[in-house]
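Enquirer: Before we start, here is the structure in question, set down as structure tokens.
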Amino acid sequence: MGKLRPGRVEWLASGHTERPRLFQNLLLLLWALLNCGLGVSAQGPGEWTPWVSWTRCSSSCGRGVSVRSRRCLQLPGEDPCWGDSHEYRLCQLPDCPPGAVPFRDLQCALYNGRPVLGTQKTYQWVPFHGAPNQCDLNCLAEGHAFYHSFGRVLDGTACSPGAQGVCVAGRCLSPGCDGLLGSGALEDRCGRCGGANDSCLFVQRVFRDAGAFAGYWNVTLIPEGARHIRVAHRSRNHLALMGGDGRYVLNGDWAVSPPGTYEAAGTHVVYTRDTGPQETLQAAGPTSHNLLLQVLLQEPNPGIEFEFWLPQERYSPFQARVQALGWPLRQPQPREVEPQPPAAPAVIPARTPTLAPDPCPPCPDTRGRAHRLLHYCGSDFVFQARVLGRHRQAQETRYEVRIQLVYKNRSPLRAREYVWAPGHCPCPMLAPHRDYLLAVQRLVSPNGTQDRLLLPHAGYARPWSPAEDSRVRLTARRCPI
């Protein structure tokens, strides 16, 4: 086909607005017909239509569910769209008036006086919460020792009394911090929904001054905006906390306060003390104003560990305030990494924030085409992803990843997902802020309440590169059908 001359295009654009549009449409139609005729399949996934508006809440008071949807537009040969066709969010309405009948009770009551179980007998029904599936309408016949399931409960029904989760399409889903049900979105340590702990600094220090006399000694200023505060020590000394008004919150005026929860600076401070002797202060934050942490010395100070997360813009004022008060700053600078348990109570010299090497044994060698073929063909998902953050909890490691490119998926994927790996030292270990090519499996709990992406031990995870992209595309052709 000959090329259009620039002058011709300029004339069409300036003189006739409808002709070039018609010409472009004809070219698109011709391209589609040629591709269909030549058997060339379209590449990539289809495209979503815009989301429709959220529906009205499923309830008139209390908690309910709202839903919105979109459609996938696919040309012949295109893959299905990536992502979900429906999203559900929790809608919080004013509390129901006292004495209002709960939503699940109303649904059971609809079957009162109606024949069921193939007989003409009728019963009065009340909710039964001992059945396996919380999102079935399980109702107990009053005065009898049996219950009956009338199918699914209506969307927006609480999974169980007092539970956070609500039932949607027969599944119990909990809202993420974004308000979407089942999204799994969590606040990071900085308080940002779905964040990667990159907007705040982790301050972790040890106060070691021995003190020349018994009495109150200043430990640190806990500044406004601090989150996830933790203070701990093991001695017969006592931690003391003073508010911005100069009044003690606990352990002030030479009086020891009982363990418990105290209100301070807009947050709840949990104070514990055992016979260890160990004493701790913990608060979720954020603090609404400054707090002063002190210690009431009765014996030499073995060291007081304290830590909190602070917005980056608040760190310099905090440092300046501490220097103005004349307190020593021999402790290390804050780190922009997740907290790790200290190896020893020794003071670490100040250094540039870096990610400390993990004290984990080396992983087994899993290179080779056989390993790639085994994991690619046996996995549920293969995709390129960027690791946004890593969080260790209990005996698992959770990675937050951003999906970049999907090679294989047996169910829809969201733009951001969590990938779980077994163990505190998983193999292979993924580094934050790097791109990987991952082969993962889908793991659904027996009761359907957890739906996870699992990277198995010694699984397939390679730093992404054009060469790795070529290898995995070749592997895809060799999987048995």
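The backbone N, Cα and C atoms fix where each Cβ goes, and this holds for glycine too.
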Enquirer: For the disulfide involving Cys91, grab the partner from Cys36, Cys57, Cys135, Cys139 as TrEMBL records it.
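Expert: So the cysteine paired with Cys91 in TrEMBL is Cys57.
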Enquirer: Consult TrEMBL and report which candidate among Cys61, Cys72, Cys135, Cys139 shares a disulfide bond with Cys96.
Expert: Cys61
Enquirer: Just to be sure I understand, if DSSP states are collapsed into helix, strand and coil, how many residues of the domain 'NTR' (360-479) fall in each?
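Expert: Across the domain 'NTR' (360-479), the residues distribute as 21 helix, 52 strand, 47 coil.
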Enquirer: Over the span of the domain 'NTR' (360-479), how high is the average pLDDT in this prediction?
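Expert: Within the domain 'NTR' (360-479), the model's average pLDDT equals 85.
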Enquirer: Under a criterion of Cβ-Cβ distance under 8 Å and sequence separation of at least 6, what residues of the same chain contact Cys91 (disulfide bond)?
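Expert: In sequence order, Cys57, Ser58, Ser59, Arg63, Gly64, Val65, Ser66 meet the Cβ cut-off.
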Enquirer: May I ask which residues of the same chain, at least 6 positions away in sequence, place their Cβ under 8 angstroms from the Cβ of Cys72 (disulfide bond)?
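Expert: Cys72 (disulfide bond) has long-range Cβ partners Gly46, Glu47, Trp48, Thr49, Pro80, Cys81, Ser85.
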Enquirer: Which chain-mates of Cys96 (disulfide bond) that are at least 6 residues away have a CB under 8 A from its CB, listed by sequence?
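Expert: In sequence order, the residues whose Cβ lies under 8 Å from that of Cys96 (disulfide bond) (at least 6 apart) are Cys61, Gly62.
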